[in-house]
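Below is one structure, written out as structure tokens, with a few remarks after it.
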Amino acid sequence: MTRIYPHIVVAKFGGTSVADFDAMNRSAAIILADHHVRLVVLSASAGVTNLLVELAAGLESRDRQDKIDTLRAIQHNIISRLKQPEAIGQEIDHLLENISRLAETAASAPSAALSDALVSHGELMSSLLFVEVLRERGVETEWFDARKVIRTNDHFGCAEPVISAIAELAEKQLRPRLEQALIITQGFIGSDAAGHTTTLGRGGSDYTASLLGEALQANRVDIWTDVAGIYTTDPRIVPQAQRIDEISFSEASEMATFGAKVLHPATLLPAMRKNIPVFVGSSKDPSAGGTRVCCNAENPPHYRALAVRRKQTLLKLHSVNAQPAHAFLADMFAILSRHHVAMDLVTTSETSIALILNATGATSGEADTLTTSLLTELSSHCRVEVEADLALVTLIGNALSRAAGICQQVFAGMENHPVRMICHGASSHNLCFLLPADSADNAIKTLHRSLFE
Ligand code: ADP
Ligand code: ASP
Ligand code: MG
């Protein structure tokens, strides 16, 4: 009979935390400092997935070789620091050969399925190397192929997990192993029912960690990254941003949805379902502490954070024949739904609909949300206007739709910015502004100064 391990922490390390040999060693030290960490989920080393995505799009022979050389250099920088580099060096070279072969096929016949098979190599390589780093520190570990457990549908590039299958597979395949050794696995990758490799969308390793945390009913999920927690906004944009020590699932989830890259948008859903606290901290400086995301934060403030989502497209649909408004809305939404367009922000008037298409992280490949077939179908029903290169700046908070004086304070901060669209009201947790991409950072800086500093 399998004994349920008393305390399980799932620890995920992002790209910068496994970027090179030193980063891997810092991450190893974090794992060894907490004996509750039983399962480790790894991203590809920083930069690797971007290179693989470019290869998957199909490159000319010479460009292909350049990318593969860069990939090889990243891996061999790590391998050369190992005491026994031979066996693992051969294994990694074998994966690099696979990459080369798949990239050649992608150059003549690219496909979303091929792209997932190709990009999955980033996580496969980093996890194999990490096992070696730990082994050389004398730690017993087992490399585990995440595709055995992360069952998804076959929506390549942004596959959706099948929660019940993952729970069953984790129980059978993972739980018994947790007692034997520390398990090292890959984030981001999964497989469909036919065994094809799939991916969960860019940044999906966070999601893998919480999916596995949910399946194993872990006590905590730790997300180790390059910032010491979740801040009031991206500290790269505003160095004065303040760390949020404790935040509720719903607020952090809202931040992730609206672009706070520190967490993949879906990360908190599994954690919320099983009420598993999530910790976010820096693998570069674990002693700096971090953010605890949990069920309810104490005294949630009106203004919690600012987030920005880039690569937004504004799609405006204007009715051309005097169709009643309700029929026009129904027809347009039916078309958008048939084309799987995810709409999270929409405004409407009597004769027009404006909606925002979000291309960030939509897929692991380079697929475009606004496809030619969608445009053709829409154009046969209405006049279509498209404006690209926009950014969505969102204020995240609590009871925003009820608090008095908010508009005055927030709109004053937006005074000098060319706002293209405003969304407020459906959720009391957000207030969104669509702006030209090059105005977004300034808008964040002004709003942060007036609302948070
Ligand atoms: P990883 O590779 O570890 O998954 P990511 O680059 O995906 O790391 O996420 C970490 C980055 O998220 C930070 O470097 C930071 O620039 C960005 N970020 C965006 N919004 C926030 C926020 N509100 N708080 C902290 N970091 C944020
Ligand atoms: N390596 C993948 C990416 O870069 C997944 C992740 O890092 O979370 O998107
Ligand atoms: Mg990430």
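Each residue, glycine too, has its Cβ placed from N, Cα and C.
The annotation ATP binding site is assigned in TrEMBL to Lys12, Phe13, Gly14, Gly15, Thr225, Asp226, Tyr231, Arg236, Lys261, Val262. Under a cutoff of 8 A between CB atoms, and with a sequence separation of 6+ in the same chain, the neighbours of Lys261 (ATP binding site) are Gly203, Asp234.
Around the Cβ of Thr49 (substrate binding site), 24 further Cβ atoms fall within 10 Å across all displayed protein chains. The substrate binding site annotation in TrEMBL covers Thr49, Glu123.
Here TrEMBL flags 8-281 as domain 'Aspartate/glutamate/uridylate kinase'.
Mean model confidence of the domain 'Aspartokinase ACT' (393-450) amounts to 89 (pLDDT, 0 to 100 scale). Annotation comment: TrEMBL describes 393-450 as domain 'Aspartokinase ACT'.
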DSSP-derived helix, strand and coil totals, residue by residue, for the domain 'Aspartokinase ACT' (393-450): 22 helix, 16 strand, 20 coil
Integer Cα-Cα distance in angstrom, Thr49 (substrate binding site) to Tyr231 (ATP binding site): 25
The one of Glu123, Thr225 whose CB sees the fewest other CB atoms within 10 Å, among these binding-site residues: Thr225
Sequence-ordered binding-site residues from Thr225, Tyr231, Lys261 with Cβ under 6 Å of an atom of ligand 2: none
Cβ neighbours within the same chain of Gly14 (ATP binding site) - under 8 Å, at least six residues apart: Ser43, Ser205, Asp206, Ile223, Trp224, Thr225, Asp226, Ser283
Where the record names Lys12, Phe13, Gly14, Gly15, Thr225, Asp226, Tyr231, Arg236, Lys261, Val262 as binding ATP, the maximum Cα to Cα distance in Å: 22
Lowest local Cβ density among Lys12, Tyr231, which the record lists as binding-site residues, within 10 Å: Tyr231
